[in-house]
Structures are given as structure tokens and as C-alpha cells.
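Report on the structure given below.
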């Protein structure tokens, strides 16, 4: 595989590069954010995965990841960083990363995560469209459309909506949604789900959709057609 490695610690970058090359990968390294941005956004390089240090000089890693996603570059991205709080992790994953590894880490663990992300079948990285009533959702590009207009969702909005739109009129409680979006072992408050539900409701209103997210108090949420005329 061809791997983009963005890490400002030259010694760590060299160690990771050697380990990856021992597994027969081709590795391009960058040590500052400005150069890294040029490499990351150049689709001619055709990388299979990117490993990105969040705290790069000049331009930080999260800004680079967001720029990649905005340009439509959908390769897997692993953040490596010393920023270890829960909010840091959520921000990184919401910003477009697929995995988040806190320093210090064992290089063998990084290699295992690279293998796990690149085992995904290619067809899972292709555009996946879903429909319900007057809504069409392009999951890969996070575009939600109605006959009126189209909007791009954030990463977590997209994950939440994909669950609801694939299971219309099905009730999901907060705990189920947290487990599906953040993972069953994540330390995420269930109230975060309420916030994302509110965000998606605003999106549906902006799209003038005939669909709505209904709250069943004490039970959860479901996507259904609005009966209001």
C-alpha cells in the first residue's frame, strides 16, 4: 500500500516509516503542516491510508483532515497525538478521522490499526445512497437531499442519520444510538445524542422535508413521515 505519514517528530516518523516499509508499504513522510497539506490534497499520489499527527507545525493535522474530506478524499485516516481527553477524541473523529491513537503507543498497535482499516472491502468506500420518503442520503459524501435542496452533514450527524434512514419508523433509545455511533465502550454521555438529534431536525426543517424525527418520551427516537399538512 501507499501510505501518507504526517508527523513532526523526526525520530518517531522515521521509526514508523521503517516499520511500515518492513511490511512492504510505500511511505511518504512530511514533518510540517504546510508541506503535509500539499501532499494530502494531491489526488495524483493516490494514497491508501493516511497517518496524521494532530499537532503539526504551521497547519495542524485536524485542519488537513477536514480539507481532505471537503475535497472528497475518503481514504482511511488515523490520528496519532498526545491529546488524550475524551473531547479531543470526539473532536478528531467528528473532524473526519477513522481512528484515534494516543501517544505514547507501541508501533505494533499502529500497524494493527492500519491493517484493520485497510481490510475494508473497496465497495464499502464507494458512494452509498439511501432513500426514505422525500429524502435521499449519500452516506459517503454525507449529502442529505430533498426536492428543495441539498446539505452536507457532519460526520456524526451522518452516522446518526444513516441509522435512522435505514430503519424508518423504528424506535432507537439513546444507549443503542451511542453504542452504534461511538461504540459500546465509549465514555459518551447519552445526552450527546439529543444534541445531534436537534441538529438533524434543523437540517430537515431547512430541507422542507416531509419527514421528521419523533421523540417517544422515555423510549427513544424514530424517523417517520410527518402527518402535518
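Placed from the backbone N, Cα and C atoms, the Cβ positions cover glycine too.
Summarising the annotation, TrEMBL assigns DNA-binding region to 127-225. When averaged over the DNA-binding region (127-225), pLDDT in the model lands at 88.
Taken residue by residue, the domain 'Response regulatory' (2-118) breaks down under DSSP into 56 helix, 24 strand, 37 coil. Per TrEMBL, domain 'Response regulatory' is recorded for 2-118.
Among the features that TrEMBL reports, domain 'OmpR/PhoB-type' is placed at 127-225.
Close to residue 53 (4-aspartylphosphate) in the fold, though at least 6 residues off in sequence, lie 6, 7, 8, 9, 61, 79, 80, 81, each with a CB less than 8 Å from its CB. Per TrEMBL, the feature 4-aspartylphosphate maps to 53.
Mapped onto DSSP helix, strand and coil, the domain 'OmpR/PhoB-type' (127-225) counts 37 helix, 27 strand, 35 coil.
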